[in-house]
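Report on one structure; see the data block that follows.
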Amino acid sequence: MEHIYQYSWIMPFIPLPVPMLIGVGLLLFPTTTKHLRRIWAFPTLFLLGLVMLLSAYFFILQLNKSYIYQYVWSWTINNDFSLEFGHLVDPLTSIMSILITTVGITVLIYSEKYMFHDQGYLRFFSYMTLFHVSMLGLVTSSNLIQIYICWEFVGMFSYLLIGFWFTRPVAANACQKAFVTNRVGDFSFLLGILGLYWITGSFEFRDLFEIFYNLVHNNEIPFFFLTLCAFLLFGGALAKSAQFPLHVWLPDAMEGPTPISALIHAATMVAAGIFLVARLLPLFIVMPYILNLISFIGIITVFLGATLALSQKDIKRGLAYSTMSQLGYMMLALGMGSYRAALFHLITHAYSKALLFLGAGSIIHSMEAFVGYSPEKSQNMVLMGGLIKHMPITKTSFLLGTLSLCGIPPLACFWSKDSILNDSWLYSPIFAIIACSTTGFTAFYMFRIYLLTFEGHLNVHFRNYSGKRSNSFYSISLWGNEGPKTLQKKKGFKTLLTMNNKKGVTFFCKKIDRIDSSVRNMTRLFTHFEAKNTLPYPHESDNTMLFPMVLLVLFTLFVGAIGIPFNQEDKNLDILSKFLTPSINLLHEKSNNSVDWYEFIPNATLSVSLSYFGIVIASVLYKPNYLSLTKLNLLNLFVKGGPNKIFGDRIRNRIYDWSYNRGYIDTFYAISLARGLRGFAEFTHFFDARVIDGITNGMGILSFFLGEGIKCVGGGRLSSYLLLYFDCVLLFLFISSFLYLFHF
C-alpha cells in the first residue's frame, strides 16, 4: 500500500502539460493553435479524469482502512535552517481531491460549449487547468509553506478568471476588488505562519500541532501571542471564504464567465478557506477563544448572506450571496468543533451550487440569443420569466438544486445542513435559533430566484419595463405587490394598465380564465407588435451543456447518502463518519453523545417546516404576475389603509434598501477606507510638498540670501571689515549687559 501512496505526489502535476503545450503552441504556431483550439479541451478533460480516478482509488483504500500517508523531501539551506516539501494523503485530502476533480470535469465539459465563440477560449482553458493544479497542490500540501504557495496561486488564477473579460471596466474593477480584499487575508495568513514558525520552529503539520499543544498546556509562551497567531491564520480563511467582514469581493466576482463562477463557488477558491480551517482545526481546538470567534463570524455570515440575497435582481449575484450564507454554515460548524458536519455540508453544497450556477449559465446563454451580450439584461431576473416551457431540462435541474439548497428532504443539502443545525443546539441555543431562522430566508430567496426566472411569462417583451423599483408595474416582481409610491398616487387599476400605451386594455371581462390560455395571448395585451410574427423566446441549451447538469443532478440526489446519521449499538454506520477521523469531532466529545434519529428528526422537522414556510411566502409574493393582477386590484381597494399600511410599506422598503444596497457595507468601505485613504494620501502629499520640502528649500533659500548679504558687506575694503567687527562687538556687549541687569 505504501508503494502506491508514494506516487500520490504526481496528482497535482498530471494536468499541467496542457497549459504548457498551449503556451508553446501560441508562441510557435499561433494560427494553427487557435484554429485547432477545440482539440485542447479533450486532453484537459482526459488528464483531469485521470486525477479523479487516482483520487477515487485513494478514497477507496482509505475507506477500507484509514491510513494517513506523508512523504517529505528535506532541502537543507544551512545547518540551522531547512525547508521540507512533501505531500500528505489523508481522509481530508481524498475528499477534497474527489470534490475538485468531479466538479471540475463537469464545469470543463460545460465550458467547452459555453465558451465556444469566445476569442479567449484557449486562455480560459489554460487558466482553468492551472486553477485545478493549484487547488490540488493546496489540498495535498504537507506543511504551511506549501499551502501558502499554492494558496497564492489559487488566488492569482481566480483573479485572472474573474477579470477574464478585462476589456469591460466592471470586470476589471471586480478583479481588482477581489485582489485587494484577499490581500488583507493573505497578509494576515503570512504573518500567522511566520509567528507560528517563530514559536514552534516547524512548518510541518504533525510537528506543529504537537509543539503548539505542549506550549499551550505548559504556558511556555504568552497566551495572547498564541491567540494572535491563531487569529492571523484564520484571517486568511476569512477573506478566501468570503466571511464577514471580508465578503465584499464575492458578489462582484460574478463578472467572470459563469463556468468559473460555478467552480469558484463550488469546489475551489471559497472552499480553500474552509479546507484551511479544517486542516488547522487540531491547532484551533486548544484555543477556545478562536473557536468561539470562528463560530461567531460564521453565524453572522449565515444571517447576513441570507438577508442580502433577498432582493437581488442579478441571478448570479443572488446565488453568490447564497454561497456566502452556506459558507457561514460550514464555518459555524468548524467553530463548534463539528468537523464531520462541516465537511459534509461542503460536499453537498458543492454539487448543488455547481448545478445552480450551471443552470444560471444555461439561462444566461439562452437570454443572450435575443437580448444580446449585456449582463445587465441577460442576468436580470426581472426581465426573465416563462422559461419553464422553453427550457424544461434546465428548469428541472435548477428546481432540484433549489430544493436541495432549501434543505428539502431527501436531497443532499438537507442531511448536511440539518447535521449542522442539530449540533448548533448542543453548542448555543441562540446560534441555533439564528441558524434555523435563516433556513426560512434561504428557502424564500431561492424560490424567489426560481419563480422570477421560470414561472409566469417572458417579461422582456413588455414595452413599459423599467429596471427602477419605482416603476408602477414591475415593483410587483420585487416584493410581490405594488410599491408604496404607486399606491399613494391613487391611480386606478385601469389607469395602471394603460400607462404609456396608445390604447387602453380591458382586463376584466366575463371569461377571466382565458388569461391563462397561451403565452401569445398573454403577451399580446402588453406588447406592441411591429409585425404579426411572434417574438423570439429563449431555447434549451445544447446537449453538451445539459449533460454536466444531469450528472450534477445525480450527485444532488444521492450524495447525501454518505452522511445519513444511522446509529446502532453505538456505531456510526454512515460512510462519512467511518471515513473521517472520529477523534477530531470536538463537539460530540464534549457532549458525550452521538447524534441519532431521536434527536435528528425533531430538529429536522423544525428546519423543514421553516423552509416550507419560506417557500410558501415566496410563492404568494412571486407567483406569475398575470395571475396576481386580480390580487393587485384588490390591493387598490385598500389604498387608504391608514397608518398601519404606510408603516408596513416603510418597513418593507427599509428591508429592501438594506438588502439591495448590500447592507451598506460596500458604501461604508468606500467612504471610510477608500476615501479615508485617499484623503490621507492627499494630506501626506501636502505635508511632503509643503512642509518637508518647504523646510529643505527654505534652508537653501536662507543660505542663499545670507551668502548674498555677506557678499555685499565684504567688498574688499579694510574699513568695511572693521565696521562690521565693531558692530558685532557692540551687539554682543548689549546682549550681555541686558542679561546681567535682568538676572537671566
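Using N, Cα and C of the backbone, Cβ positions are placed for all residues, glycine too.
Per Swiss-Prot, the stretch carrying the note transmembrane segment among 396-416, 627-647 is 396-416.
Only residues 6 or more beyond the boundaries of the transmembrane segment (425-445), in the same chain, are considered here, and those with a CB under 8 A from a CB of the stretch are 295, 299, 302-303, 306-307, 309-310, 312, 318, 321-322, 325, 329, 332, 336, 338, 405-407, 417, 587, 591, 593, 603, 606-607, 610-615, 617-618. Proximity of the transmembrane segment (125-145) to the transmembrane segment (219-239) is not established, fewer than 3 Cβ-Cβ distances being under 8 Å for residue pairs spaced 6 or more apart. Residues 5, 8, 11, 41, 44-45, 48-49, 51-52, 55-56, 58-59, 62, 66, 68-70, 125, 128, 132, 135-136, 139-140, 259-260, 262-263, 266-268, 271, 275, 278-279, 343, 346-347, 350-351, 354, 358, 544, 547-548, 551-552, 555, 579-581 of the same chain sit 6 or more residues outside the transmembrane segment (89-109) yet have a Cβ under 8 Å from a Cβ within it. Taking Cβ pairs closer than 8 Å, the transmembrane segment (327-347) reaches residues 92, 95, 99, 237, 241-244, 270-271, 273-274, 277-278, 281, 285, 291-305, 412-413, 415-417, 419-420, 423-424, 426-427, 431, 435, 559, 562-563, 576-577, 580-581, 584-590 in its own chain, all 6 or more past its ends.
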